[in-house]
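Student: The structure's right below; bear with me while I get my questions together.
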Amino acid sequence: MADYELVKKMLRAILQSSKSGLPLSRLQAEYKELTGEAIPHKQLGHATLDTLLHSMSSVVRLDRGRSGEVMCYATVGNEMAHITKLAARHHTAKKTGRPQVVNCQMRVKPSMISFLAKPRTSLRQPEHRGRQGRGGGRPGGHGDSRPGSMREQQPDGKGSKPHSTQHTPPNTPTRRPNLPSDSTTPPKPRTPHSSPYSPKLVQSRLKEVLSKHSNGLWVSKLPQLYRELYKQDLPSEALKDLEEWTHICTIEKPCSSKPQELLLYPAKDISQTTTPPSPAMTPTANKHPPASPTVLSADLKQKLGELLLKYSSGLWAHALPKLYQDTYKTKLPEYVLDNLPLLSDICTIDYPMPDNPKRAILYVKAVEDENCNQEDLADLRAREEAGRRISYQTVPPLLIPREEYPSVLVVEASNTNSVVLRYIGEGYSKAQEKLEDEMKEFYGQDNTKKSLVSPSSGQLTAVHAEEEEEILRAQVCEVMSEKVKVYYVDHGFSEVISKSKLLELHEKFFRLPFQATKCKLAGLEPFSQEPVVLKKFDSMASGKILLAEILERNDIPLMVLYDTSQDDDVNINAACLKALQDKSLESPIAYMNVNVTSVSSDGTFCCQLPSRGLTKLNEVLEKAETYFHSQVTSESLVSRPFCGKSCLARFKGKWSRVEITNLHGSRVLDILFVDLGVQASVEVIELREIPPPFLRDLTAIPPQAVKCCLADLSVSVGSWTPDAVQWLRDRALQCSDCSLKIAKVEESKRLAHVYLFTSKNFHDLSRSLNHQLAESDLWKHQKDVFLSSQGPLKTPSSPKTPPTTPPNTNSTGNSSPSTNGRSKAPQTSKKVPPQSRTTPPITPPRNLALPPVLELPPAGHNIDIYVSVACHPGHFVLQPWQDMYKLVVLMGEMILYYNKTEEKPLTVEKNQVYAAKVENNWHRVLVKGVLTNGLVSVYELDYGKHELVSCTLLRPLIQEFRQLPFQGITAQLAGVKPRQWSEEASIVFRNHVEKKPLVAQLDSVQDAAQPWDRKVTVFLVDTSQEDRDVWVHDIMAEFADELTKAA
């Protein structure tokens, strides 16, 4: 029986964290996400969820919004009544009949932290100088209101010394008394972050800076210049090391020995130290030495710049030679990689693996950032112009939301390059609701109703809606004798109305940007006006609230739309593209000349059947191969990957069609070879755009991979042993002329149950592989994994005591792609046969050192962090914010490495470090325990999560992946008393900090023998709002007090 009071507590906590209310459907999803189960209304004696919620009037209040959707609000007292009045608005156009304003949010699409492709800039530190009296994060003005900046109050002398009149309120953290005071430490530049100091990286960047200031610069100006160029703070250690870097720079003291008065010059022989000798430069060639490669040729620089522009999120330096060769059909000069500073004019160089200088990432110089700045300046000018020329009906432009996945309401689309939509949320739909409420009140007064007597085309006006007492903003499109056609600038549709309904629009209603805007759908540009595409889009998207992934922030942004209202996310762009497929080219039911292309570990397999579509596909791909050989351009490189995108990649040396199924950061992604049923992980540089001459043909041909399973087997799909899988692979993949007979087709799963033959005699079922497999003893689980829950053990020397094998839980079950855009776990294209039963398991080498311990700043200092896991204030896990891109890079490398490695028996030992595959990604994990059913309990050392995985998904963690310190840091919240935190308090804490970048002020560090046992105590501050800082310990202290009083 469900606990009635516990359900009430959970619902109250969810609703109190959503002050503007939740749609009923969203409440159910939030509850399930928190507890793992749906709201148990039937167990509590209620037939429907509505009746249960109505019985909890002390917890939840139900109201129906203007859109007709049931909204749920927390019952918290009269002081919150004004918040609960916010509801959805429903405007209906005569012709469209669709909702025009809905205050609703879609589920956020789960994804990797792909925005961490580049090194992150610093978060805003708490309390900017000169801003005082700001409230915190809770109603009633709680939070921090300190006048000084935390940056300024650093005990190590960051910024200027605080004034003597400043004081620290009782509810804010104070400095530890044993730390040096500001009066004893001179001000000096310091980084508030914990990123490891990389001298090689700083030296490389310093060379670039000095190359532009050959006449010298003041050392005191270097930190500011460094921050402007690289969006990072210059490590304080670098300033101390400047005098020792004589091969980089020369320091002079023109006036005195004060650090602020030092002058910095390039080293006199800097060109000789940065340029390696040319391979052709031998002692015998001194008479005619080749040109010294101190500067790149203009042609080479242009070509490299083109490549880097294609990969604005970064390109591995070691990938340049092959990419250059494939693109320009000529070899890249060897000295370029040996002397990367030569590229400093066109890119910045980053070393994410400090111990491996050969692994560098090249980032193109921020041309886009300059464009963004210009756009921001243009927006500012537009706003100023709007203020000066309000009488000329100038309205400020609508800015694109900053979040990665904003919610949008799709209005209509007559062209996929110009889809009309509106953004949902604060500053958009909510601001519009407020504006229209003000307009309704304003024009409700008789003295303000001024009719627009002589409307003209293009003029802005206020329109009195017919069916509701609403006043809407509109623009006159066409003037007729008695009527006028207007376009509702906030709702995105047109209507013909009587001139009598036009009112003069008062200038105070010009301040909000028009809410109706447009977007372009990625991947559909060549088919923007195809009737089948528009029909599909209208049925799937028009009038619905969707989630938008913004790929390019242009005047008309490039987007991918997702419908996340169901259990599976639906990629609208990909679904519209599939509408172009020619059904007549689909694979028919055929029996002979079958080609099995892949066999998954769950027993399913994919094959190609003879068809018109397959014949045409092979012809077009051969033409594309010839086309690529004849082209010398970078236009075919894929620079903007996204889920659902169709492109080309090589499979066994030939170009094949692929669909991107998942992104790991910006450089590594999962793809599906749609005509082979093979999944793989590749770098983005391995993909090519479909050449324009063949785009329509390749889009029209349906996928040629048919997913099948063997019929009439006693063992179901997903329960196959490794031996049985390998047996089928050995016979089916090696046969070039198989036959099959289809028994039945599961349309819901798009899975064909077949009899498979390795000959053309498919009439005798006893000759089928189905019959041979059923008669074999391959269903016994192979004993190929040696488990240990007692710590390190020795490998057995004889097979007398064979290691035990768990059930094969690594069944793919989904070897064919998800056609709805949801990311599925990638599978390797072909698994290696398990080792012999007599082969002892591999024991990971013990002499590999653990990564270095993550460096933390002294107590009292700030560090930008990201909270990956939050259980309660006494236990959460944080990661250094600025170095998260290094973790993304590392995990991308692990995906590429481990998805291609052989699957071998492995000794799994407790308290040892491994690589483990969890969902789509490979993680560095610590084994906490081994269960008898073959599952292993692991702790993700970079994210702080506990997971159960099959022991078959563990691999040895090689030395290359042991360089970056473990990024997960266990923490507890400072400023609150330790206690047993309630479920409600834990939920409130989680909603404020989990999955968010915050600023942490380090209070204390509890060191331990192992890095994963170390624990820190920190204050957490949310500085995402420009006008105030939210101190989390204040919120939790107040919430705990409220619960105590309520009890």
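Each residue, glycine too, has its Cβ placed from N, Cα and C.
Sharing the record's features from TrEMBL:
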type     : residues : note
DOMAIN   : 3-76     : domain 'HTH OST-type'
REGION   : 114-203  : region 'Disordered'
COMPBIAS : 133-142  : compositional bias 'Gly residues'
DOMAIN   : 198-268  : domain 'HTH OST-type'
REGION   : 271-293  : region 'Disordered'
DOMAIN   : 296-366  : domain 'HTH OST-type'
DOMAIN   : 454-512  : domain 'Tudor'
REGION   : 789-850  : region 'Disordered'
COMPBIAS : 807-821  : compositional bias 'Low complexity'
COMPBIAS : 825-840  : compositional bias 'Polar residues'
Student: What mean pLDDT score does the domain 'HTH OST-type' (198-268) have in the model?
Tutor: 75
Student: Using DSSP, what is the helix/strand/coil residue split across the domain 'HTH OST-type' (198-268)?
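Tutor: Secondary-structure composition of the domain 'HTH OST-type' (198-268): 37 helix, 10 strand, 24 coil.
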Student: Would you mind splitting the domain 'Tudor' (454-512) into helix, strand and coil residue counts from DSSP?
Tutor: 7 helix, 28 strand, 24 coil
Student: Provide the three-state DSSP residue tally for the domain 'HTH OST-type' (3-76): helix first, then strand, then coil.
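Tutor: The counts are 31 helix, 12 strand, 31 coil.
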Student: I'd like the per-state residue tally for the domain 'HTH OST-type' (296-366) from DSSP, helix first, then strand, then coil.
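Tutor: Across the domain 'HTH OST-type' (296-366), DSSP assigns the residues as follows: 34 helix, 10 strand, 27 coil.
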